[in-house]
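Undergrad: Relevant sequence annotations retrieved from TrEMBL are reproduced here:
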TRANSMEM  6-27  transmembrane segment
TRANSMEM  65-84  transmembrane segment
TRANSMEM  96-117  transmembrane segment
TRANSMEM  129-149  transmembrane segment
TRANSMEM  155-183  transmembrane segment
TRANSMEM  246-269  transmembrane segment
TRANSMEM  289-306  transmembrane segment
TRANSMEM  327-347  transmembrane segment
TRANSMEM  367-384  transmembrane segment
TRANSMEM  391-408  transmembrane segment
TRANSMEM  437-455  transmembrane segment
Amino acid sequence: MERGEAYVFSAAMSGAFLLSCLLFAAINRRQRGPYMDEVFHVPQAQAYCHGRFLQWDPMITTLPGLYLASVGVVKPAAWLFGWMGSVVCSAGMLRFVNLLFSAGNFYLLYLLLFKIHQKNKAVSSFQRILSTLTLAMFPTLYFFTFLYYTDPGSVFFTLFAYLMCLYGNHKTSALLGFCGFMFRQTNIVWTVFCAGNIVAEKLSEAWKTELQKKKDEKISSRKGSFSDLIRILQFLVKYLVSLKNLVTITALTWPYIILVTVFFVFVFINGGIVVGDRSSHEACLHFPQLFYFLSFTVFFSFPHLLTPTKIRKFLLSLRKHPVQYSLIAVISLFLIWKFTYVHKYLLADNRHYTFYVWRKIFQRHELVKYVLVPVYMFAGWSFADTLKSKSIFWILMYFVCLLAVTVPQKLLEFRYFILPFLIYRLNIPFPSLYRQLLELAFYIVVNAVTFYLFLNKTFQWPNSDEIQRFMW
């Protein structure tokens, strides 16, 4: 990082952290006690603060990474500053741990953007910092910076693991992946993603060699061709059944293999991926979750994905390949028909945006979910089109991980989309400065509206005296 860029980055990070601190103070004045899932998380962390490490709330479904990290931060700080009494491990103090994770995420996002796009000399330092600021303010993630949830820490360790993977420090990456797994079990998918980066790189090298042998450059250039995809899949199978290639890949990815093995041992001993309350977190094949994620991504990346040029290109592609798109439409309709699930929380809890999205859109008529298929198709095409700068093997690997992290979830919950969205957004080409500014402005507006609703538009349920607030 050059000196000038370092000064601008420091100013941006400091300014963002100061703004977050002011917002943090406002939220803690209005909502002093635990709210929503904090009702489970805060007492559990306080039990750990008092040394009761065998105490466990059976309603908690994640591993104790958040609570262990919190004790590791709060206890030394209390000793250093002489804090005593109720302030130690209070709800506000525990929430502040997530504010620290948020600052770490800001720095990691910058380092990842720098590493992933280092070959693109057209990208200015200002654009990198602007994109970092934008992603750090990504609304779904930014909101949970101010509550005691697992998301900021989960994102921190996963992004850190990804960064170490890109720099070739795979043992460190696997160790950080384990920390991410301790925050949320589904983060094991992103450990597989890190290993997949290595495999995708080796496959790309072997594919280039294959093309040079055959002197058929057309195969690599027509990524959208169905016949090319078949040839690539044939090559993939041929490569992976080779013992020599498998030994090479295993030698490179063994730290991740050990971690994945630990995960399967945990699932076997635990009897499932969820700890604690499993009744509300049953795994299923909820394929429309992929469609919801694509729509979510188009909404939050509309300056990049929802443009007149892309719409024209999509319509042209539709005209050129009517049979392929018709087949995709039929498969999509079938998946929606047979694999749509509606979680009881989605219908019952009117404090979340997803409740209103479902009620205002999907519950208007039984046919709405089918009518939206063309929207999903455009979202999927536009999503894939922005990733065309990546190798075909990286794209395949990312989509496998995307399916693994979204489809088994029965509950439509926007928090589950944070990590796949960030990984996607980090890897697309840098947009124009105008589109970056538009994206940042949009995020600021969404955040402002969300925090205004949370702080000022409170309400009460008929049979409860507790104050309820709108949130993600």
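Placement of Cβ uses the backbone N, Cα and C atoms for every residue, glycine included.
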Undergrad: Counting CB pairs under 8 Å, which listed stretch among 65-84, 289-306, 367-384 touches the transmembrane segment (391-408) the most?
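TA: Going through each listed stretch, the top one turns out to be 289-306.
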Undergrad: Excluding the flanking five residues on each side, which residues at least 6 beyond the ends of the transmembrane segment (327-347) place their CB within less than 8 Å of a CB in that stretch?
TA: 280, 284-288, 291, 354-355, 358, 369-370, 373-374, 376-377, 410-412
Undergrad: Near the transmembrane segment (437-455), which residues from the same chain, at least 6 beyond its ends, have a CB less than 8 A from one of its CBs?
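TA: The answer is 23, 26-27, 30, 130, 133-134, 137-139, 142-143, 300-304, 431, 469-472.
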Undergrad: Could you pull out which residues elsewhere in the chain have a CB under 8 Å from any CB of the transmembrane segment (6-27), counting only those six or more residues past its ends?
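TA: Cβ under 8 Å, 6 or more out: 95-96, 99, 102-103, 106-107, 110, 125-126, 129, 132-133, 136-137, 145-147, 451, 454-455.
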